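Straight from Swiss-Prot, the features:
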ACT_SITE  E261  active site, proton acceptor
BINDING   D227, E262, H360  Zn(2+) 2 binding site
REGION    614-660  region 'Disordered'
SITE      Y359  site 'Transition state stabilizer'
TOPO_DOM  1-60  topological domain 'Cytoplasmic'
TOPO_DOM  82-432  topological domain 'Vacuolar'
TOPO_DOM  454-487  topological domain 'Cytoplasmic'
TOPO_DOM  509-518  topological domain 'Vacuolar'
TOPO_DOM  540-550  topological domain 'Cytoplasmic'
TOPO_DOM  572-575  topological domain 'Vacuolar'
TOPO_DOM  597-710  topological domain 'Cytoplasmic'
TOPO_DOM  732-743  topological domain 'Vacuolar'
TOPO_DOM  765-777  topological domain 'Cytoplasmic'
TOPO_DOM  799-1012  topological domain 'Vacuolar'
Amino acid sequence: MRRSTDPRNLLVRRGPLLVDGESAISELDPGFFPTGDAPKMSSTTRRRFNLIAFTPGPVTVISSLVYLALLIPLLLVHTIVPSAPKSNPKGVDLSEAWNDLQHLTSGFHPYNSHRNDEIHQWLLQRVGHILDASRKAHEDDAMGSVAPDVFVFDDQQSNLTFSGGGVGNKPITGVYFEGKNIIVYIRGLEDDKENWWDSPGGKPKGKGGVLVNAHYDSVSTGFGATDDGVGVVSVLQLIKFFTSPGNLPRKGLVLLLNNGEEDYLNGARAYSQHPLSKYTHTFLNLEGAGAGGRAALFRTTDIEVTRFYKSSPHPFGSVLAADGFKMGLIRSETDYAVFKGVLGLRGLDVAFIEPRARYHTDQDDVRHTSIDSVWHMLSAAIATTKGLVSYTGSEFDGRAPGKGMVNSGVGTHGVWFDLFGSSFAVFRLHTLFAISVTLLVVCPIVLFVIGIILSKMDKMYLFSIHETIPETKEKVSVRGLRGLFRYPIILVVSSGILIGLSYLLAKVNPFIVHSSSYAVWSMMLSSWIFMTWFLSCIADFFRPSALHRAYTFTWQLLVMWVLLVISTVYVNQHDIAAGYFIVFYFAGTFLATLISYLELFALPNKTRYAREQSQYPSRLGSNRSSRILSPSADELPTGGDNNGEIYDGEEEPTESSSLLGRQRRTTFANYTRTGRDLASSESGTYEDHSETGVFGEEQKWSASLPTWTWVLQFLFVGPVVIMFIGQLGLFLTSAMNQVGADGVGLLVVYIAIAVFSVLLLIPLSPFIHRFTYHVPTFLLLVFIATLIYNLAAFPFSAENRLKIFFVQELNLDTGRNQVSLTGVDPYVQDIIRAIPSASKENISCDSELDSGRRKCSWPGLAPEVVQDEPTDRWLSFNISKPSSQETKDTPVLHARLHVSGKNTRACRVNFERPIRDYSLPGSALDDRMPHTLPQGISEIRLWSRTWENVWTVDVQWDAEDMDELHGRVVCLWSDANQLGSIPALDELRLFAPPWVAISKLKDGLVEVSRGF
């Protein structure tokens, strides 16, 4: 029997069959092909070696390289601190700064410690030595420079009574504090030459100055290297820099070393009572909430001051952190809150942010920081301060932002972020809003117009099922609807798995992120990539579609449009700029989607294609799907003649023929492959680079689609997303991965990592079905390994310790001596069992406090914080007999308390029921910080600059509430420098497991109380 050569009876198959079939057709009708030209043999070779074609090899390699090329630098920037210069920059001595840091952190120095007094005197001496060296440098200067006027204030007078806390209707906490701040004022070249602060009621003239602040007190359980030792030595170096020849400031510079920040920002509040607080209009606050690493720009008041940080050699930070404070997601505070909220200054908060496990512990020391970290903060401080003191405009000399505040003007909300730690972007929030609104309106219109044009040109293959031939009314399938709902299903399934993994980790091993955040990231990323690839390949196997990219980008654009709407609303109504990355994400997605729509112009019009298909039907739909399932309605050409002889590229079968054809083998689900199919499969792909340019079993009209535009699409979306999402994801992980010890639920951390993993990898979705199996298979192995590790590994180590919180409480009324540890259950009980003195005691644990934290107590070793005194004499107080006073509303009772403690300068008075008012003779009051509120005062904290001070406290309460005053007087001891003063703490440090870090629970390490 002769082989049929009638093209109407040819079923075009894969491999050589397709070539033979199409060659026969092209000989009869070259116009059959959408391009109008029959393919040439050489085109296959060129396409096969096209390095940017939309084929598995280039897609896998290019996508992987782009991700690696951007993620690796992001990781390096995030984990490696830029090296300090080998030689000292002009006006700075890094060796001197490092030596100062070593001396400062040689012991614990909280406000309520004798070491704190020693540090105070040492700082005064250091300032004096720096100024002496500066004067000598000016005398030796060949240019004949004149040393600036510098004034050093050892503020031993400022005190203040104020209140804090009291959310809603809850009673507030009253505070009396006596400051011990050190203030250095360097007179600017353009400053008023009069010492206006010496005159009662004197006021500064001219432009406002610049304040740089750091606090020199530490917590009682931390050496304070980064909190805030690096800030302190940076201030000392700023004094050195701005008093050196050639560096004199044009505007006055105030450098504040405040004492008492760790105890509710008391030092900054005391500064508000000093005359110089009226002079400064801008500020730079140097802080630390970690141990080493890079100093991040944590938050700023406005764009005008933020621009001066831009000149930092290694800027680092994002507006996301600032918005975290605005939305109440970050609960800790710094002196920034006082300078901005009370004084009305405009400025910046620069702080170390990781690792939080070392924050307020004995690992906040010089061994866990570096000279590089010192230089990172110092260089940023020099650049920012230099810009502020050199600025002579009137930007910061406007109307006061509030009552009692300085005339610093009102700033503009801004957006800011760094790029790879080397450049810094800053622009107005209104600009972000304008761009967002423009994109929201213009982008849909552009796509709508293009869609109309494509429809007019009869090239809108998207959303098309079939095309009707006008002459015969015959309907021909174009299969343009294929893949429409593929992407949302895949996205939901793949992302849902990550959410499930988040819940799994939070349930089985919630603290693994504490020490192994990168393992969690690896698990999330590898899981999403493999599952998305697997589902995409299944969909492409059964229903291949050349419109997969177009539909995927369209769905992504729709989702990003909704997110951009939400972000724009927050920008407009709440001044929240944290969604700035969505603007760039949306813009890149729009450009990629636009390219997919523009590609359709290269296709033949649908009517012509339908005529050609009707005249020369080439196949019954997809070979893959049709061999497994019956052809669907959109795959069969209506009315076509499909009963002719089918040519499959093999000889007519005879009695001696093989049961299977030479080129055909049965595979999955009896799907018959040709020899070339099998070869492709064995090489890791199932592609078919036929002469027509159609990939695999995709729609025949797709031969006219360009094969290189995917690179543009990926470059529009991929790098932008990686840079922004990668940076923010790492930043958030560093800030959040170790908050579980503080009582914060870790599920939100895992979900945040899952969400950022999805956002980071979404750019791969339109292309991932073209990946070869090598990368996904490797990532499957990574996923399995990291999943097992994350579920089974112990979450703490000597480098990433679990923080527990210590306090010892002694009740003089009952003689009860109780040591308490607060931490995460069950670890806190495991730790207590390792303590010898607790091994035979009855351990009592309170009910769960927050997110698994419990307070467990036992009778502990007696404290020795006061030498040669019996315990019952460690604190003393007396209360005068209440006296009444009639008011318009209700009778008020008065009483006077005298409170004192041995070897301490911190006590407090707790009341069983809130009192109405209180006062201390000689204390300053400030309307900007009211000392009482209508809901009353439940506690008064007392701080003195002198040891064993006697506080006199007058209190008032409503007679109808109580006839007599009831409560407790508590005195605090926070000095743990001397071994043996707090034996229970010494024992805990000696016997606790190496994966445990000890921090303070309350203001005092030891608290002794007596009732009244």
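Cβ atoms are placed via backbone N, Cα and C, with glycine included.
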Discussion item. I need the nearest neighbour of E261 (active site, proton acceptor) among the recorded positions D227, Y359, H360, using C-alpha distances.
Written reply: D227
Worksheet, complete the sentence: Cβ contacts within 10 Å for H360 (Zn(2+) 2 binding site), all chains included, total 24
Worksheet, complete the sentence: Its residues classified by DSSP, the topological domain 'Vacuolar' (509-518) shows 6 helix, 0 strand, 4 coil
Worksheet item: Within 8 Å of the Cβ centroid of the Zn(2+) 2 site residues D227, E262, H360, which other residues of the same chain have their Cβ?
Response: S218, V219, G222, G224, D228, G288, Y359, D364
Fill in: All-chain count of other Cβ atoms within 10 Å of E261 (active site, proton acceptor)
28
Practice prompt. Between the Cα atoms of D227 (Zn(2+) 2 binding site) and Y359 (site 'Transition state stabilizer'), find the distance and write it as a whole number of Å.
Written response: 8
Discussion item. Treating G and I as helix alongside H, and B as strand alongside E, what does DSSP give for the topological domain 'Vacuolar' (572-575) in helix, strand and coil?
Written reply: 3 helix, 0 strand, 1 coil
Worksheet item: Just the number: how many Å between the Cα atoms of E262 (Zn(2+) 2 binding site) and Y359 (site 'Transition state stabilizer')?
Response: 12
Fill in: Local Cβ density at Y359 (site 'Transition state stabilizer') - other Cβ atoms counted within 10 Å
26
Worksheet item: Near the topological domain 'Vacuolar' (732-743), which same-chain residues lie under 8 Å Cβ to Cβ, leaving out any that are not at least 6 residues past its ends?
Response: 78, 293, 320-321, 330, 353-357, 510-511, 513-514, 517, 521, 749, 752-753, 756, 800, 802-804, 823-824, 849-853
Worksheet item: Within the topological domain 'Cytoplasmic' (765-777), how many residues are helix, strand or coil going by DSSP?
Response: 7 helix, 0 strand, 6 coil
Fill in: Same-chain residues near the topological domain 'Vacuolar' (509-518), Cβ under 8 Å, at least 6 residues beyond its ends
357, 733, 737-738, 740-741, 746-747, 749-750, 753, 789-793, 795-797, 799-800, 802, 824
